[in-house]
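Chemist: Before I ask anything, here is the structure I am working with.
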Amino acid sequence: MSNSAQTTTSNSLPLPDSIPSEPVSWTTDTIHIELTPHALNHQTATTFVSSPSAGATVLFIGTTRDSFNNTPVSGLSYTSYTPLALHTLQSIASTVLAKHSLTKIFICHKLGECPVGEASILIAVSSPHRQAAWRAGEEALEETKKRAEIWKLEKFVGGEGVWRANRDGVMGVRVEDEGMAEETAGEEGNVVASE
């Protein structure tokens, strides 16, 4: 990518122009995936996965929190290689849907600026029974963070910023598959479930 294809963030770190101006999505009757520069809407996720044959719906909302390792965070900014990330999310959703016999699955990730308190990822799943929904929701999240071609710039109060893969834990240290850190830098999650 040439330097002319980059924008500058408020702290002067380059941000590749790989953020679509409108949502990019792929949908079937049972799967919806999306990468979007717009604010995420959890109602859209739960409405999509709602079904009379589903006795359980699990919704995960990952939000930007205000600190990491006692360092104040001013926000996150996400970028991706959108065509490949969309393909990877299709693969994750299809695999999780089949493996857990889900009714439906919804994965949506924010691209661009994500201020403190704003949602960066939504994952919703529905299934006939709650155990499958819980397991599938967590697996979809972990696989998205592990495999999707999405990177984040974590911006700290005072202007410092760190680019890293979406799955990194401790600043500058890659999280291994086993024993993964419970919290990802600058991001916290909320889980809502119903049955």
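Even glycines carry a Cβ here, placed using N, Cα and C.
According to TrEMBL, the record shows the following:
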type: COMPBIAS; residues: 1-13; note: compositional bias 'Polar residues'
type: REGION; residues: 1-22; note: region 'Disordered'
type: BINDING; residues: His129, Arg130, Lys145, Lys152, Leu153, Glu154; note: substrate binding site
Chemist: Would you count the other CB atoms within 10 A of the CB of Lys152 (substrate binding site), including those on all shown protein chains?
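Modeler: Within a 10 Å radius of the Cβ of Lys152 (substrate binding site) lie 27 other Cβ atoms.
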Chemist: Over all pairs in His129, Arg130, Lys145, Lys152, Leu153, Glu154, the listed substrate binding residues, work out the largest Cα-Cα distance in Å.
Modeler: 37
Chemist: What count of other C-beta atoms do you get within 10 angstroms of the C-beta of Glu154 (substrate binding site), across all chains shown?
Modeler: 23
Chemist: Could you say which of the binding-site residues His129, Arg130, Lys145 has its Cβ with the most other Cβ atoms inside 10 Å?
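Modeler: Within the set of binding-site residues, the most crowded position is Lys145.
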